[in-house]
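What follows is one structure encoded as structure tokens, with my remarks underneath.
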Amino acid sequence: MVYVSNKYLTMSEMKVNAQYILNYLSSNGWTKQAICGMLGNMQSESTINPGLWQNLDEGNTSLGFGLVQWTPASNYINWANSQGLPYKDMDSELKRIIWEVNNNAQWINLRDMTFKEYIKSTKTPRELAMIFLASYERPANPNQPERGDQAEYWYKNLSGGGGGGLQLAQFPMDIINISQGENGSFSHKGTLCIDFVGKTEKYPYYAPCDCTCVWRGDASAYLAWTSDKEVMCADGSVRYITWVNVHESPLPFDVGKKLKKGDLMGHTGIGGNVTGDHWHFNVIDGKEYQGWTKKPDSCLAGTELHIYDVFAVNNVEIINGNGYDWKTSDWQDGDGGDGDDDNDNNKTKDLITLLLSDALHGWKA
């Protein structure tokens with residue numbers, strides 16, 4: 001069941017429709033990020049209601065109608081009639097959007113992304129909401145950041161589509177005290193590796209997200225891990241990550257070991273080629289362990305990422321952050337995919353998000 005009527009939907013009704021749209025478009029090859037970027041716009045345009053007329057002025061085909069408020073409504077209605085489709089219908093409107101993708105209609109490339117590229121994009125839901133706003137909706141007032149907020153909300157709270165239960169990548173240690181930074185001396189030269197020391201020797205660090213051990217190197221005292229799913233990074237990007245922890249000895253885990261976010265992952269140590277008890281940390285983009293690269297000998301092969309762009313430092317004491325741009329995040333971990341566990345905590349946010357929706361105040365042309 002979906003909700004189709006000429007009224008503004010409640011958050012619970014919007015969620016039913018949003019989940020339906022996610023399922024429908026996922027099966028047609030859209031990424032979850034792209035769908036939620038569009039949902040963030042649909043929420044402002046129509047409260048995700050395929051039966052909504054602009055200003056509730058039913059039958060006024062010179063105004064907007066439907067999920068994305070096609071304006072004038074007659075353009076969409078005439079198309080639906082020509083296809084033999086009922087125009088007040090969720091599937092009909094989604095078929096129209098797919099038709100627009102395939103026929104290069106409605107979309108004007110104002111953000112260096114075609115409509116076909118948009119539906120496959122894995123940029124953040126927030127970024128894609130802004131791209132959809134600029135290239136598809138094109139309102140008189142383009143400054144509507146709440147559409148990005150709404151897109152992130154749907155990405156977190158809808159199940160399926162490849163992104164349910166999205167976790168924030170949390171910095172693994174409860175302190176930051178850097179003993180050697182990026183592009184440092186010896187093994188750090190030309191790399192984004194960072195060494196951290198604890199308050200004591202054998203200081204603990206913890207899994208930043210649900211993850212799996214993918215490589216064990218006893219001679220160098222290192223374990224490589226990959227995230228089990230894409231994670232929300234401190235800089236707002238959504239991606240798989242692979243990282244290496246070095247110097248604990250003996251190594252505590254074997255390849256294939258799975259950890260949940262917050263599980264004990266290791267300790268600072270003096271294993272391998274090391275001077276003093278510390279933790280050598282390095283992260284790359286993606287979920288494939290590609291071995292070491294010689295820079296000269298301590299960096300993961302692949303596309304290195306800045307640790308401070310990936311791992312949020314919520315509740316982390318920064319003793320010596322080396323001047324890097326460490327970031328906190330207000331992202332709350334998803335519910336594991338069923339979309340229900342966070343409902344009580346999000347009631348206030350739901351109301352605020354709904355009140356922000358332009359649909360409650362009319363539309364911007």
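Glycine residues also receive a Cβ, built from the backbone N, Cα and C atoms like all the rest.
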Record-annotated substrate site (Swiss-Prot): member among Glu45, Glu58, Glu93 besides Thr71, Gln106, Glu137, Arg138, Pro139, Ala140: Glu45
Residue in His267, His280 which Swiss-Prot records at the Zn(2+) site where His188, Asp195 also bind: His280
Secondary structure of Thr71 (substrate binding site) (DSSP, helix/strand/coil): coil
Greatest inter-residue Cα distance in Å for the substrate-binding set Glu45, Thr71, Gln106, Glu137, Arg138, Pro139, Ala140: 16
Surrounding CB atoms that lie within 10 Å of the CB of Thr71 (substrate binding site), all protein chains: 19
Arg138, His188, His280 as binding-site residues, winner by CB count within 10 A: His280
Among Glu45, Glu137, the most crowded of the binding-site residues [Cβ within 10 Å]: Glu45
Packing count at Gln106 (substrate binding site) (other Cβ atoms within 10 Å of its Cβ): 19
Neighbour tally for Asp195 (Zn(2+) binding site), based on other Cβ positions within 10 Å of its Cβ: 23
